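First up is the structure itself, then whatever we jot down about it.
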Amino acid sequence: MAGPALWFPLLLAAASAGRAAALWPWPQYIQTSDWRYTVSPHGFQFRYHASSAAQAGCSVLDEAFQRYRAVLFDSVALRFPSPAERHTSEKNSLVVLVVTAGCDQFPSLESVENYTLTINDEQCLLLSETVWGALRGLETFSQLVWRSPEGTFFINKTEIEDFPRFPHRGLLLDTSRHYLPVASILDTLNVMAYSKFNVFHWHLVDDSSFPYESFTFPELAKKGSYNPATHVYTAQDVKEVIEYARLRGIRVLVEFDTPGHTLSWGPGVPGLLTPCYSGSHPSGTFGPVNPTLNSTYEFMSAFFLEISAVFPDFYLHLGGDEVDFTCWKSNPDIQAFMKKKGFGEDFKKLESFYIETLLDIVSAYNKGYVVWQEVFDNKVKIRPDTIIQVWREQASVSYMREMELVTGAGLRALLSAPWYLNHISYGPDWKEAYTVEPLAFEGGPEQKALVIGGEACMWGEYVDSTNLVPRLWPRAGAVAERLWSNEIVSNLESAFKRLTHFRCELLRRGVQAQPLGIGYCDTEFEQN
Amino acid sequence: MEQRRLGWPRLLGLLAVLASPAFATRNLGLWPMPGSVQMTPRLLHVSPDRFFIDHSPASKAGPSCALLQSAFQRYYDYIFGFNKWRHGPAKPHSEMDLQKLLVSVTQDPECDNFPSISSDESYTLQVKGPVALLEANKVWGVLRGLETFSQLIYQDSYGAFTVNESKIIDSPRFPHRGILIDTSRHFLPVKTILKTLDAMAFNKFNVLHWHMVDDESFPYQSITFPELSNKGSFSLSGVYTPNDIRRVIGYARLRGIRIVPEFDSPGHTQSWGKGQKDLLTPCYQGTQSSGTFGPINPILNTTYSFLHALFKEISTVFPDKFIHLGGDEVQFDCWKSNPDIQKFMKSKGFANFERLESFYMEKLLDMVSTMGKRSIVWQEVFDNKDKLSPGTVVQVWKSDKFPHEQSKVTEAGFPMILSAPWYLDVIRYGQDWRGYYEVEPLDFPGSEKQKTLVIGGEACLWGEYVDSTNLTPRLWPRASAVGERLWSHQGVRDLGDAYSRLTVHRCRMIRRGISAQPLFTGYCNYEDGMSQ
């Protein structure tokens with residue numbers, strides 16, 4: 001039997017391999033060995049390579065360095081190293097080399113997020129094309145550093161070359177059904193960065209409330225929010241969210257869903273919504289946006305002019321889902337308009353008329369747009385660069401068939417249908433989200449290339465700041481890996497181990513991520 | 001003396017008064033609904049600067065009653081504490097003021113006791129200016145009454161604290177109203193348990209069923225057998241020390257909540273084996289022991305001497321009269337595989353393994369009763385036809401045809417606790433609280449006498465997918481539905497009314513620091529995590 005001296009390195013090997021094998025999401029190429037270097041918490045720094053295009057003063061990276069220092073070492077009381085700890089094989093800096101500057105820009109759908117990470121005897125180097133790639137690499141680096149039971153930090157000799165499979169990796173939050181305090185949104189952005197999500201789809205308003213404080217139309221939030229003093233997002237709040245996201249390489253894709261899902265718009269903009277009739281009298285209730293009035297489009301022009309300026313992303317999400325025709329049908333003015341336009345009884349044509357006009361308005365502001373699948377299903381004339389978000393699981397066709405149809409029409413597609421994380425059930429449902437293969441539909445490579453990514457959606461009917469975090473994490477992590485990692489990374493057993501580890505890492509970073517199954521983490525969540 | 005329990009028609013009448021247009025009161029979110037509520041339109045102003053809660057001169061309890069002193073403080077804070085920053089302008093002292101709430105305990109107050117299954121929780125509350133009166137036989141009723149009183153006070157649109165003149169007569173429908181937490185599948189920090197006790201008090205729950213240990217971990221630090229948690233806990237920090245347990249018991253007592261510990265055996269005991277050699281049955285593969293273990297080995301004397309010492313300790317550490325002995329889901333495969341067990345079966349003439357299980361459970365039940373404790377067991381122990389001494393409480397948990405099981409258990413004369421429809425760990429999309437709310441615990445075939453044997457129920461939050469990250473929003477306000485079912489009259493079951501009250505109640509819980517999740521779309525004035 002081997003003596004203790006022989007056992008020691010073996011155990012270490014097991015521990016260290018376990019650590020490098022715990023990355024989430026899994027990188028495209030990784031080589032790692034048992035050879036390890038110590039990382040000294042007090043001496044360690046992130047540094048810019050002399051030939052890096054980004055240098056000190058680059059807000060995105062300067063702040064990321066600080067964040068990741070804190071993530072890595074904040075729990076450590078600084079002390080001087082004992083002589084025994086002064087290894088020759090110590091890594092006391094990660095050198096960052098960014099090829100193209102662009103620290104003050106916003107990330108975009110086209111942003112390059114590639115990076116390579118080289119940790120060997122000669123160097124400890126993070127190389128990336130852009131600052132956005134550097135951010136992804138810093139996250140990976142932070143997941144590579146591990147701590148022995150004695151408290152020493154290590155990093156193994158590792159070589160990683162990494163890039164995302166899909167450029168649009170989104171998470172939808174709904175701030176209309178329930179208002180989410182800004183702090184909840186910012187916290188979510190942090191965890192998104194930990195799992196390499198890069199789009200925050202902000203479903204800002206809906207039937208239930210209008211928390212967006214518009215400066216052009218202040219009455220919208222004044223009358224449409226749950227409480228105009230406390231349950232609104234001010235211009236300052238919105239700026240803060242956008243900048244916080246930018247610093248993490250996350251785009252803010254804002255959604256103002258029309259013509260349905262707009263009840264909360266009504267009180268602030270008289271005449272905007274369609275009055276519903278019962279018999280020959282208005283019933284006092286309202287339906288979707290009234291598509292027959294010029295004033296509607298004047299309002300939309302002015303409103304989206306503001307939105308286009310406030311939200312820097314090239315894309316706006318214009319909604320267009322679930323328009324209920326009952327109210328339109330009941331209204332005599334609408335009926336007259338239908339007749340005049342020759343729409344017959346086809347209210348889809350009326351819906352198309354509205355959407356097309358709206359799309360023209362938004363296009364004129366030099367914005368691209370994303371819409372829910374109904375806009376495509378209803379055969380609205382859309383620009384060829386429109387992005388269609390597929391969200392219906394079965395109706396009227398399976399979501400994979402819908403992906404096929406959308407891309408077959410030459411349009412770009414975003415997949416959400418299997419990732420409605422607000423739907424909960426007993427047990428490890430993350431597995432279902434994980435085993436989705438977004439490109440598993442009939443179609444040639446040119447069709448597959450039109451899938452730009454997907455989004456995990458957390459609709460707000462039953463979700464607010466009390467349960468958002470544990471309901472979202474680590475379940476959304478499953479979607480994050482599906483969208484970032486290679487298609488072949490699909491082994492559930494390995495995913496379970498790594499995601500369990502990632503969840504404990506989230507707890508360590510202060511995120512209230514719920515358990516995947518029975519067990520424990522070294523750091524448990526403690527409420528205040 | 002007034003009639004204690006008003007019939008449902010009477011209550012309906014009172015509610016109708018509340019709802020009449022001439023007197024449209026706000027939705028206070030009283031939860032659980034008290035037995036009788038009479039309210040007038042007359043409003044009283046409650047000023048945080050002047051109002052206080054005190055003992056009535058007529059009370060059998062006084063300032064030496066620490067339980068009440070701390071409750072007075074707590075409820076003052078619940079009423080005003082979180083809103084002191086924006087209460088309305090101080091108005092001049094007037095007849096319209098409510099200046100104090102006087103609390104009167106009319107019998108031996110039981111200040112220093114632990115609550116028990118027979119604790120009297122009834123109270124009457126008379127709110128009128130300038131002095132309101134809360135009367136109860138025991139301190140336990142005072143605690144329930146203070147909670148109700150705190151729910152009556154609201155802030156008007158100017159922020160002024162206001163209460164309607166009212167009279168409330170209230171007492172629980174069932175004496176055992178429990179929440180089960182599972183600290184074996186995941187360790188729950190003591191803080192999380194204390195938070196849960198807070199929320200339980202807000203919902204008038206009175207039993208924390210502490211499913212302490214199970215297959216996965218043994219976090220209970222035993223004084224007699226320290227190896228059990230040394231080896232059986234997830235980690236050295238995942239342990240409840242004697243001090244932790246005293247703290248939980250004391251905290252619960254101050255809120256009128258009993259701690260009923262469960263040490264489930266002979267199954268669900270994998271974690272016990274790590275720290276106690278030879279306790280579990282070695283499983284065999286053919287003629288060789290396979291290295292795995294099954295349920296507790298019921299054929300060894302050492303097993304029973306161990307259990308005696310362990311339960312002796314448990315019966316001192318936990319003051320409650322009841323201990324939960326488990327007895328559910330015993331797998332027989334391992335017993336079957338073991339030649340020594342087979343031999344024992346033969347020598348005892350046991351025809352099946354249920355008999356062996358009974359043999360074990362009966363010995364354990366006898367042992368615990370000699371320690372002066374009463375036992376609760378899961379329904380299998382009854383189903384297996386174990387000889388149970390009268391008074392053993394059977395907990396019905398299997399959701400399949402549970403009313404039938406209730407009939408059988410009560411027909412055999414055993415008191416029972418209902419849990420089957422209230423497994424809150426089994427989550428679904430949407431408003432599943434409605435299902436919990438609609439359960440009628442006495443809706444099973446049986447005589448009046450059988451119905452009286454239902455001592456209550458428990459909402460169970462098993463821990464496979466629950467730890468301190470998601471326990472609170474998963475438990476509340478879903479468990480509140482069970483809370484009202486067990487406290488309020490049978491006739492209080494209108495879902496629409498429950499929805500509107502529970503919505504307000506959940507916002508109140510958030511203000512008091514409980515991250516209770518939403519029932520549906522909407523908002524609270526103060527949201528969880530909102531900066532003030």
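For all residues, glycine too, the Cβ spot is worked out from N, Cα and C.
Listed in TrEMBL for this protein:
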- B:1-24: signal peptide (SIGNAL)
- B:30-152: domain 'Beta-hexosaminidase eukaryotic type N-terminal' (DOMAIN)
- B:CYS65-B:CYS111: disulfide bond (DISULFID)
- B:174-489: domain 'Glycoside hydrolase family 20 catalytic' (DOMAIN)
- B:CYS283-B:CYS334: disulfide bond (DISULFID)
- B:GLU329: active site, proton donor (ACT_SITE)
- B:CYS507-B:CYS524: disulfide bond (DISULFID)
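The two recorded residues B:CYS524 (disulfide bond) and B:CYS65 (disulfide bond) have their Cα atoms spaced 36 Å from each other. Taking H, G and I as helix, E and B as strand and the rest as coil, DSSP gives the domain 'Beta-hexosaminidase eukaryotic type N-terminal' (B:30-152) the counts 35 helix, 32 strand, 56 coil. Nearest neighbour of B:CYS507 (disulfide bond) by Cα distance, taken over the recorded positions B:CYS111, B:CYS283, B:GLU329, B:CYS334: B:CYS111.
If you take the Cα of B:CYS65 (disulfide bond) and the Cα of B:GLU329 (active site, proton donor), they are about 44 angstrom apart, rounded to a whole number. The two recorded residues B:GLU329 (active site, proton donor) and B:CYS111 (disulfide bond) have their Cα atoms spaced 40 Å from each other.
The average pLDDT computed over the domain 'Glycoside hydrolase family 20 catalytic' (B:174-489) stands at 97. Within the group of disulfide-bonded residues (B:CYS65, B:CYS524), the Cβ with the highest number of other Cβ atoms inside 10 Å belongs to B:CYS524.
There are 12 other Cβ atoms within 10 Å of the Cβ belonging to the residue listed as 'active site, proton donor'. The Cβ of B:CYS334 (disulfide bond) has 21 neighbouring Cβ atoms from other residues within 10 Å, across all protein chains displayed. In the three-state DSSP assignment, the secondary structure recorded for B:CYS334 (disulfide bond) is helix. Note: the CA-CA distance between B:CYS111 (disulfide bond) and B:CYS334 (disulfide bond) rounds to 50 Å. In three-state terms derived from DSSP, B:CYS283 (disulfide bond) belongs to an extended strand segment.
Around B:CYS283 (disulfide bond), the same-chain residues at least 6 positions away in sequence with a Cβ under 8 Å from its Cβ are B:SER289, B:SER290, B:THR292, B:PHE293, B:GLY294, B:ASP333, B:CYS334, B:SER337, B:ASN338. Comparing Cβ neighbour counts within 10 Å across the disulfide-bonded residues B:CYS111, B:CYS507, the minimum falls on B:CYS111. According to its DSSP assignment, B:CYS524 (disulfide bond) is coil.
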